Amino acid sequence: MAETKLLLRALSGETLPTPPIWMMRQAGRYLPEYRATRAEAGDFLSLCYNSDLATEVTLQPIRRYGFDAAILFADILLIPDALGADLWFVTGEGPRLSTITTEEDFAKLKGADDIHDHLAPVYQTVSNLASALPEEVALIGFAGAPWTVATYMIAGRGTPDQGPAHKLMQENNPLFEALIDRLTESTIEYLSAQIRAGAECVKLFDSWAGSLKSEAFTKYAVAPAKKIISEIKDRHPGVPVIAFPREAGEGYVGFAKETGANCVALDNSVTPEWATEHVQVDSCVQGNLASSHMVTGGQALVDETRHIVQAFKNGPHIFNLGHGITPDANPDNVQLMIDTVREG
Ligand code: CP3
């Protein structure tokens, strides 16, 4: 049967008259219904591990806006949690984790095959969604890329420059690489289980790829993505992968070819014209409206949305923001963006 979901058609390389659209962090604090469900769950992590409520918040933006894809509600830091690192979220500040800086810390982590019991509620959410979603809406699973997840595990929190991770890479490279390998194996296991539960596509978030340069980018952003994607393709032929090496700049060039990704997600530091010439020639692209437009709205939002749609119209394109929507965004601006993309 011919594929009818627009997102999957774009991912298979089709150029569509109107690009499919979804939004990073589409289930999030800018939506009053999300804030209500999160309050019911108690805290963010309890929401991630409550399959019924995680299903509900995943569906909220689909009901409100009719996006072409739903992204599983979970977090990239559930993998460290499943590996046995302590994880908690400080309201208004972000994640905190026990740190991995010595061989003793690393030795306490579980193996990649031992994560599934802990993550079973997430797989249940995926399976709930696979039956609950409208038939035209694609279901995206996801994980963090090893480098990005490692930056949080090494520092024990988010860092502006990923300094502690770069330091470990320099000062104890065998330990750093052992952590990258453990995360690579765990990510393969995790994404594979999401696909078995019903995810139709998976996305790999490398939010801090931009701080890796030259050889380090090749070793710790390209190589792990290539390994994860080739293993996913072996186990699940036909399931497309979106890679997001955020702020990779020139590193975006050739990224799809080198890793086997079907689509490269772009942040808004690159222009659509540049990306058409250098990235869309190899694969579908996703992006890349600045998320600040969801706060400011108005004619500038409309103009920039049209500009992006026009620039990418001669090749496969999925419309999205360049990064996640922020809590101060106005939900009406999201509707304006969608209407502009679909105005034809
Ligand atoms: O996109 C979606 O709607 C799916 C769910 C999703 C979340 N986080 C929910 C979330 C996804 C795909 C992520 C990915 C994620 N998580 C990334 C990579 C993408 C990116 O934004 O760069 C990263 C780096 C994380 C780690 C993380 N989670 C941080 C640093 C924070 C705190 C910062 C913040 O925005 O509060 C989170 C919390 C988080 N993850 C929230 C949501 C909806 C906010 C939690 C809340 O409700 O308080």
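Just so you know, glycine gets a Cβ as well, placed from its N, Cα and C.
All annotation found in TrEMBL is predicted automatically rather than curated by experts.
As written in TrEMBL, here are the features:
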DOMAIN    20-29  domain 'Uroporphyrinogen decarboxylase (URO-D)'
BINDING   ARG25, GLN26, ALA27, GLY28, ARG29, ASP75, TYR152, SER207, HIS323  substrate binding site
SITE      ASP75  site 'Transition state stabilizer'
DOMAIN    140-156  domain 'Uroporphyrinogen decarboxylase (URO-D)'
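Structure with TrEMBL features highlighted.
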residue : record                             : contacts (Cβ under 8 Å, 6+ apart)
ARG25   : substrate binding site             : GLY324, ILE325
ALA27   : substrate binding site             : TYR34, VAL57, THR58, GLN60, PRO61, ILE71, PHE73
ARG29   : substrate binding site             : ARG35, ARG38, PRO327
ASP75   : site 'Transition state stabilizer' : PHE44, LEU45, CYS48
TYR152  : substrate binding site             : LEU77, PRO80, PRO95, LEU97, GLY158
HIS323  : substrate binding site             : MET24, ARG246, ASP267, ASN268, SER291
Revision key, fill the gap. According to DSSP, ARG29 (substrate binding site) sits in coil
Point to revise | DSSP residue counts for the domain 'Uroporphyrinogen decarboxylase (URO-D)' (140-156), split into helix, strand and coil | key: 10 helix, 5 strand, 2 coil
**Study point:** Cβ contacts under 8 Å made by the domain 'Uroporphyrinogen decarboxylase (URO-D)' (20-29) with residues that lie 6+ beyond its boundaries
**Key:** 6-7, 9-10, 35, 38, 57-58, 60-61, 65, 67-71, 73, 138, 140, 291, 318-321, 323-325, 327, 334, 337-338, 341-342
